[in-house]
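The structure appears below as structure tokens.
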Amino acid sequence: MSSKVSFELKATDGAARTGVINTPRGDICTPAFMPVGTAATVKAMMPESVRATGADILLGNTYHLMLRPTAERIDRLGGLHKFMNWERPILTDSGGFQVMSLAGLRKLTEEGVTFKSHIDGSKHALTPERSMEIQRLLGSDIVMCFDECPALPADRARIAESMRLSMRWAKRSKDAFGDRPGHALFGIMQGGLESDLREESAEALKEIGFDGYAVGGLAVGEGQEAMFDCLDYAPGYLPEDKPRYLMGVGKPDDIVGAVKRGIDMMDCVLPSRSGRTGQVFTRHGVVNIKNARHSDDPRPLDEACNCPACTNYSRAYLHHVFRSNEMISGMLLTWHNLHYFQEIMDGMRTAIAAGSFAAWEADFHAGRASGDIEPV
Ligand SMILES: [Zn+2]
């Protein structure tokens, strides 16, 4: 265990990287996928089950937690780790993105953003300083700078103006964060799909100096091809010796494509949210468990998967409990999805270390292209 947060790059294969982020709460093997625990829970999962899927770190949402139960209450109760019974590292977002996507009646100024809660309409403000305070009260291990991100497509002038505001907020975030041994602060690169704006943003962040760097402003409606085009150059603007985090990504093939292009960390609600809507990710692509073809199928979702859903239950059972709205449906399918995502990460880490990422990637795509097993 380390008393500070540090990053050790262990191997590279092309642009893909594998390493370890050391923190006082445990190591994070990269590339890492972070399950999302929005309201101090990864929905339908016990924390020990999340850990059993292979997750080293969770993501918590500042926006949701500041509204309910509030950061001050979580602090009084001993911090977010104790509150939600997750002792390993937690990364919290800054709240900025969710204010933009969820809150009503936003007002954006140089100072920050004021908004109305989507829960009860109450009025709140977020600034770089307040975001740092909330993330400190939560006890977050990896704190994100407060930033602003326009939805794509947006015109270049709007993207440039927003990026420069985010860079001024990044400096205020760093000043407010101060010196907190054992905790890390990540800067967030913006600039949309404009290479020169991405580079300008990266230079501004490096000048301030952060423990890690996120590629922000992607996965906001631009599509996979445009995202990959941006990732072909954007990670290269960031320091090699710090972790690079792609926020809010994604589907399995998004994740693999991002790692191939030099990304070390990702988060997404997809595996857990899909688990609750009957959408299952497997080595052979997507399976919709509500489909009638599964109703008499005694076989597991994936015979090669050793998660509890695949080890102990048939497709017929999973279909039945989904159709019956039984809670175990969301529990089992979420477990499987998170397990599968972590298996992808583990496979990539091993392949990068062995210098065989291209072969692993070809195998990954071939498996998904083969499609689901034939109906019984
Ligand atoms: Zn499984």
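The backbone N, Cα and C atoms fix where each Cβ goes, and this holds for glycine too.
Unlike curated entries, TrEMBL annotations are predicted automatically.
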| said: If I go by TrEMBL, which of Asp141, Asp147, Asp264 binds substrate at the same site as Asp93, Ser94, Gly95, Gly96, Phe97, Gln190, Gly217? | reply: Asp147
| query | In TrEMBL, the Zn(2+) site includes Cys305, Cys307, Cys310. Which of His284, His294, His336, His365 does it also list there? | reply | His336
| Which range of 178-184, 248-254 is region 'RNA binding', per TrEMBL | 248-254
| remark: Here the Cα-Cα span from Cys307 (Zn(2+) binding site) to Asp267 (active site, nucleophile), rounded to a whole number of angstrom, reaches 21
| note | When the active-site residues Asp93, Asp267 are compared by other Cβ atoms within 10 Å, fewest goes to Asp267
| request: Please report the DSSP secondary structure of Cys310 (Zn(2+) binding site), reduced to three states. | output: helix
| message | At a 10 Å cut-off from the C-beta of His336 (Zn(2+) binding site), count the other C-beta atoms across all protein chains. | response | 28
| message | With helix taken as DSSP H, G or I, strand as E or B and everything else coil, how many residues of the region 'RNA binding' (248-254) land in each class? | response | 3 helix, 0 strand, 4 coil
